[in-house]
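Student: The active site feature in TrEMBL is assigned to S40, K83. Sequence annotations record features per position, and here TrEMBL assigns domain 'Peptidase S26' to 16-97, 103-143.
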Amino acid sequence: MFRNVLGKTFRFLGYTVQYGCIAHCAFEYLGGIVVCSGPSMEPTIQNSDIVFSENLSRHLYCIRKGDIVIVKSPNDPKSNICKRVIGLEGDKVCTSNPSDFLKSHSYVPKGHVWLEGDNLRNSTDSRCYGPVPYGLIRGRICFKVSLMLSSNCTCQKR
């Protein structure tokens, strides 16, 4: 009896560890659902929009200019940020704010990317903290999930 219970317990633990490893690999390498917050990517991504982020691009070094990425924040490693890739290593980028009269430029160093929010006037991005190491990229946004939730939805018969 005791062996039977012990055997079932170890079998259950073995399956739990296996499925935990599979789930970890899926979220680490394939991707996942992300809820975006803040105004920095408006109008492209609104506050509380739900997006799908795929992670293979970062592992295969397939991130391109114009991609929207999820990145570990350089200022707060416990949080993620959502920004658009403006420049890759070796690119010349404008490092000044849109309202500045004199524009300054810089080159993105090797192993880094230049990130900016679409809402330039309300975004903390590479113009504040400089180029971001490629290793901080967590994933690339593939698409926005659109939920049709409306309390005043009316159906009409035809």
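Using the three backbone atoms N, Cα and C, a Cβ is placed for every residue, glycine included.
Curation plays no part in TrEMBL annotations; they are all automatic predictions.
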Student: By Cβ distance under 8 Å, which residues at least 6 away from the ends of the domain 'Peptidase S26' (103-143) in the same chain are close to it?
Tutor: 31-32, 34, 39-45, 51-55, 57-58, 61-63, 67-72, 74-75, 80-97
Student: Applying a 10 Å Cβ distance cut-off over all chains shown, what neighbour count does S40 (active site) have?
Tutor: 22
Student: Under the DSSP assignment, what numbers of helix, strand and coil residues are found in the domain 'Peptidase S26' (16-97)?
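Tutor: For the domain 'Peptidase S26' (16-97), the helix, strand and coil counts are 19 helix, 26 strand, 37 coil.
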Student: How many Å lie between the Cα of K83 (active site) and the Cα of S40 (active site)?
Tutor: 8
Student: Report the mean pLDDT of the predicted model across the domain 'Peptidase S26' (103-143), rounded to a whole number.
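Tutor: Value for the domain 'Peptidase S26' (103-143), mean pLDDT as a whole number: 92.
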Student: Per DSSP, what is the residue count of the domain 'Peptidase S26' (103-143) in each of helix, strand and coil?
Tutor: 10 helix, 17 strand, 14 coil
